Amino acid sequence: MEIKTDVVSVKDQKWKEFTLINDHGMEVSILDFGGIITRAMTPDRDGKLENVVIGFNNYEDYLDNPGYFGALIGRVAGRIEKAQFELDGKAYTLPKNEGDHHLHGGEPGFHKSIWSVVPFENKEEVGLTLTLDSKDGENGYPGNLRMTVIYTLTNENALTIAYEGVADQKTVLTATNHSYFNLSGNLKTDIQEHEITLDSSEFVELDEELIPTGSILNVDDTVFDFRNGRPMKDGVSSEFKQNLVANHGYDHYFLFDHTKEVSAQVYEKESGRELKVITDQPGVVMYTSNNLPEGLKLRERESARYLGLCLETQASPASIHHDGFPSVWLDKDEKYYAKTTFVFGVRE
Ligand code: G6D
């Protein structure tokens, strides 16, 4: 096990990039800026190590990062309708950073903050403990919040992301990581042939602005039924309204049935790579990069639609305005805790 540390100069800033390396050669590189996963090298069925996440070639591009590549997201991942909510009789207004709504914690959010990083290492695992203090009123959110995120890489090629948060006032919080996975290796192909399996029989209906309508729909007899595996391309060709509002793909919160240990699984048959997601979260936003800006300079090529699969495990911001959704409310001094493990394997 090894941790390499590099200093990256970006304009007048100096960021640190930590590369976690296990005994089988798997590598994950993470910045103190936004806790961004810039690269993840995993083996294909022949043992060839290739990158399986979208990342910029030029680190300066993470200053903009319109797709939130690889970043920690918060305080609230997803959209808060009309950028407002009421808490204990007081109205809170957040920045409207996407139309009339608030997306992914606003700017600078978790994804553009410098986190304090402490590496750790033992013979079974290597990792980083990241901490961030978000002040009361930052981006309109109530409460002084102390966030801790622990990235851990094991010799089972598992990357665990554990989140902890506590605030001195009641607030809202659901954090995630916004990596775009592409198991073909070095972005050789897009993700349309990736086979996806989700332990989920329900998903959240969206309106034309991608805002939850308050309805939860059943996946039966739709291309949202991933219980027995389905190629992502089914959502691209579908004429189902929910695929059309997402601009010919998926951008939806799936509620897990919790009938299996593995809540989500992705398989890419050419490389043999398989990704299993094990999480304590009630659901996941699966985004198939339908709106990925084209022409961005990535490590291996220019960006294009459908180049990465986001599996943003989290609770649902719809719970702010509707009953019956996995809650994002956090009481004063209550410990927020979330944990998701991404296990990178191969099928022969
Ligand atoms: C688009 O609608 C999608 C979001 O789900 C995604 O997180 C973002 O791009 C990066 O706004």
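Note: Cβ is positioned from N, Cα and C throughout, glycine not excepted.
On a predicted model such as this, the values are computed, not experimentally measured, just so you know.
Quick look at what TrEMBL annotates:
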- HIS178: active site, proton donor (ACT_SITE)
- GLU312: active site, proton acceptor (ACT_SITE)
- HIS178, SER179, TYR180, ASP251: beta-D-galactose binding site (BINDING)
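DSSP assigns SER179 (beta-D-galactose binding site) to coil, not to a helix or a strand. In the three-state DSSP reading, ASP251 (beta-D-galactose binding site) counts as strand. Residues GLY67, TYR68, PHE69, TYR287, SER289, GLY308, LEU309, CYS310, LEU311, GLU312 surround the recorded beta-D-galactose site, their Cβ atoms falling within 8 Å of the Cβ centroid of HIS178, SER179, TYR180, ASP251, which are themselves excluded. Long-range C-beta contacts of TYR180 (beta-D-galactose binding site), restricted to its own chain and to partners at least six residues apart, with a cutoff below 8 Å, comprise VAL53, ILE54, GLY67, PHE69, GLY70, SER289, LEU292, LEU307, GLY308, LEU309, CYS310. With a CB cut-off of under 6 A applied against ligand 1, the recorded positions SER179, TYR180, ASP251, GLU312 are reduced to ASP251. The least crowded of the recorded positions HIS178, SER179, ASP251, judged by other CB atoms within 10 A of its own CB, is ASP251. In the structure as shown, the Cβ atom of the residue listed as 'active site, proton acceptor' sits within 10 Å of 23 other Cβ atoms.
The recorded positions recorded for this entry are HIS178, SER179, ASP251, and the Cα of HIS178 lies nearest to that of the residue listed as 'active site, proton acceptor'. Spanning the residues HIS178, SER179, TYR180, ASP251 that the record associates with binding beta-D-galactose, the maximal Cα-Cα distance equals 14 Å. Cα separation, ASP251 (beta-D-galactose binding site) to HIS178 (active site, proton donor), rounded: 13 Å.
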